[in-house]
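Per TrEMBL, the features are:
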{"type": "BINDING", "residues": "HIS73, GLY114, HIS115, SER116, GLY146, SER147, ASN174, TYR284, GLU366", "note": "thiamine diphosphate binding site"}
{"type": "BINDING", "residues": "ASP145, ASN174", "note": "Mg(2+) binding site"}
{"type": "DOMAIN", "residues": "315-479", "note": "domain 'Transketolase-like pyrimidine-binding'"}
Amino acid sequence: MSILETINSPDDLKKLPLSQLPAVAAELRTMIIETCAKNGGHLAPSLGVVELTIALHRTFNSPADKIIWDVGHQAYAHKILTGRRERFPTLRTLNGITGFPKRAESPHDAFGVGHSSTSISAATGYAAARDLDERRNKVIAVIGDGSMTGGMAYEGMNNAGALAKDLIVVLNDNEMSIAENVGALSTFLSRTSSSEFVYRFKKNTEAFLKRMDVGKGVLHVARKLEESFKGLFTPGMMFEAFGFNYIGPIDGHDLPKLLETLEGIKKFHDPILIHVLTKKGKGYKPAEDNPSLFHGVGPFEIETGKVLKGKGGAASYTAIFGNTLCKLAAEDERIVAITAAMPDGTGLSGFAKEYPERFFDMGIAEQHGVAFAAGLAASGLRPVFAVYSTFLQRAYDLVFHDVCLQNLPVTFAVDRAGVVGSDGPTHHGAFDLSYLRHLPNMTLMAPKDENELQHMLTTALDLGGPAAVRYPRGNGYGVPLDQTLAPLPVGRAELLREGDDGVLLALGTMVYPALEAAGQLEKEHGMALAVVNARFVKPLDETLILGLARTHGRIVTLEENALQGGFGTAILELLEQHGLTGVPVLRLGYPDHYIPQGEQHELRAMVGLDCAGIVASVHAFISRP
Ligand SMILES: Cc1ncc(C[n+]2csc(CCOP(=O)(O)OP(=O)(O)O)c2C)c(N)n1
Ligand SMILES: CC(=O)[C@@H](O)[C@H](O)COP(=O)(O)O
Ligand SMILES: [Mg+2]
């Protein structure tokens with residue numbers, strides 16, 4: 001029996017002799033590598049914090065002590081050590097355990113995460129509640145150096161420091177975000193010196209002087225001395241400015257050192273930041289050598305590190321977006337590109353190589369990215385902010401306040417729109433149609449395939465105002481790509497199929513499934529349905545849609561977005577504005593609950609947006625008297 005098989009909770013881990021902990025670490029790595037090789041997952045981040053996770057669960061008492069992981073993509077060892085070892089092979093699969101901490105999954109998952117830089121704020125909330133309740137438990141946030149480039153981390157620290165909360169922040173510094181980390185902070189953090197001695201010196205001196213009852217004056221001088229002494233030694237001055245006692249940096253793979261440091265600070269009750277240095281991908285050479293590739297990796301061959309199923313490859317919407325932008329940028333030097341720490345994921349790596357001076361990586365700072373883009377646009381440039389649908393949510397007010405209200409020519413390349421698959425509800429792009437459509441001055445498009453994506457990007461850049469093009473994770477259909485790119489007529493849809501029994505108004509990824517379903521309904525039920533590629537959610541093709549509503553009598557809308565406020569709602573609003581509320585409308589889209597993790601095709605079937613589901617819904621709707 002392996003040692004890991006004897007661990008069903010952190011208490012079991014605490015019972016082990018210290019000498020067995022390296023073996024636990026090795027077994028954890030093996031399990032994480034084997035599972036990610038089959039399911040895919042965030043391998044490199046999780047391998048990098050194996051020792052840290054053991055030390056945290058050995059030192060603190062989860063779930064009474066709260067451990068909050070930032071992003072949470074690095075929490076695989078945490079899940080295995082907190083009673084989910086046996087279920088771990090179901091990681092990120094339909095009905096399996098999730099890839100991020102989730103409160104409903106375990107009492108040890110103190111806070112649900114997936115989006116970056118929230119852990120310190122949540123931890124501060126936990127600490128404030130603890131103090132109101134006069135409890136004494138510890139609260140620990142574990143945040144990466146990449147996540148520290150998110151502004152929310154400083155909002156949290158600023159408040160925690162002011163409240164002087166008994167709070168521990170573990171900064172896991174592996175000098176990587178998904179790609180190389182960026183920003184002034186990452187340079188700052190790389191300055192090394194150990195201040196643990198200084199911190200103990202400060203605490204013990206204070207205690208000694210207090211015992212001596214030397215009075216405030218001497219204490220004040222001692223503190224001033226300590227500050228200047230410390231200022232010579234630690235790069236943590238910034239954290240000290242936020243009211244945190246900085247300790248580190250220490251080796252995040254040195255278990256005895258980690259245990260000693262954590263045990264040592266446990267008895268203190270003020271804000272402490274421990275700076276831990278780790279290696280992303282530690283213990284698996286292909287991941288150590290290529291932490292970006294193995295940050296969020298598809299299934300791979302353990303022996304060779306060969307990735308068997310990537311994110312979509314050359315034919316993916318993302319790749320075609322990136323290639324198209326490079327082509328357009330060659331013709332228009334006003335075009336500049338922005339990412340929030342995801343150059344590879346958004347397909348901008350090629351642009352960054354070809355136009356380094358016209359490429360900007362913000363770090364994990366979507367809000368800053370949008371205002372930065374607005375500044376570029378106000379200066380006469382044509383910025384394209386490539387960002388995942390779910391992460392753009394963080395910058396919603398900036399889209400309104402800085403871009404749309406000022407009617408600035410910023411293009412949002414909204415990637416990962418619709419269900420993304422294994423990352424689950426924190427990452428599905430389920431709401432961008434709803435949160436962008438209602439903004440005046442916004443033009444909102446969704447291509448039926450990767451070729452139309454090219455033309456929509458061209459259209460957006462030609463507009464001279466705010467525009468968003470949304471497209472899914474993964475490959476297109478392999479359709480031929482036009483070499484000549486021209487803007488589409490704005491607000492014009494495309495009638496793809498005639499039919500008098502009703503109209504399928506399909507958007508984006510729903511167009512080809514709608515065509516397939518219409519063919520099946522004709523063949524099996526003799527139903528003649530028109531199919532429209534809507535193309536624009538805003539402005540709608542009012543002429544075509546109202547004409548079809550008047551002549552065909554029944555309308556079905558299809559979208560990969562929440563029904564609330566989505567494309568179908570836009571159609572209902574249009575019909576109401578034109579006194580056509582008598583026209584029956586069936587809206588197909590995401591229901592009013594969060595869609596779980598799973599393969600994209602599994603999830604589309606789950607919500608009735610695969611061909612079979614569309615056929616069933618439309619047949620019932622059209623058959624109604
Ligand atoms: C708001 C937000 N933007 C972008 C992401 C995508 N993302 C996930 S992990 C990550 C990098 C995190 O770097 P770091 O915190 O250093 O953790 P590491 O992977 O190095 O352990 C990014 C950009 C996210 N989860 N949330
Ligand atoms: C943890 C995180 O937010 C990212 O790593 C995200 O999982 C990447 O998603 P893709 O795999 O779709 O690029
Ligand atoms: Mg990092």
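Positions of Cβ are set from backbone N, Cα and C atoms, glycine also.
No curator has checked TrEMBL annotations; they are predicted automatically.
By neighbour count, meaning other C-beta atoms within 10 Å, the densest spot among the binding-site residues HIS73, HIS115 is HIS73. Closeness to ligand 2 is met by HIS73, these being the binding-site residues among HIS73, HIS115, GLU366 whose Cβ falls under 6 Å from the molecule. Close contacts with ligand 3, defined as a Cβ under 6 Å from any of its atoms, occur at ASP145, GLY146, ASN174 among the binding-site residues ASP145, GLY146, ASN174, GLU366. Compared over the binding-site residues ASP145, GLU366, the count of CB atoms lying within 10 A of a residue's CB peaks at GLU366.
The closest partner of ASP145 (Mg(2+) binding site) among the binding-site residues, by CA position, is ASN174; the full candidate set was HIS115, ASN174, GLU366.
Cβ neighbour count for GLY146 (thiamine diphosphate binding site) (all protein chains, 10 Å cutoff from its Cβ): 31. For ASN174 (thiamine diphosphate binding site), other Cβ atoms within 10 Å of its Cβ number 23. Once the Cα atoms of HIS73, GLY114, HIS115, SER116, GLY146, SER147, ASN174, TYR284, GLU366, the listed binders of thiamine diphosphate, are compared pairwise, the greatest separation found is 32 Å. In three-state terms derived from DSSP, GLU366 (thiamine diphosphate binding site) belongs to a helical segment. Averaged over the domain 'Transketolase-like pyrimidine-binding' (315-479), the predicted model reaches a pLDDT of 98.
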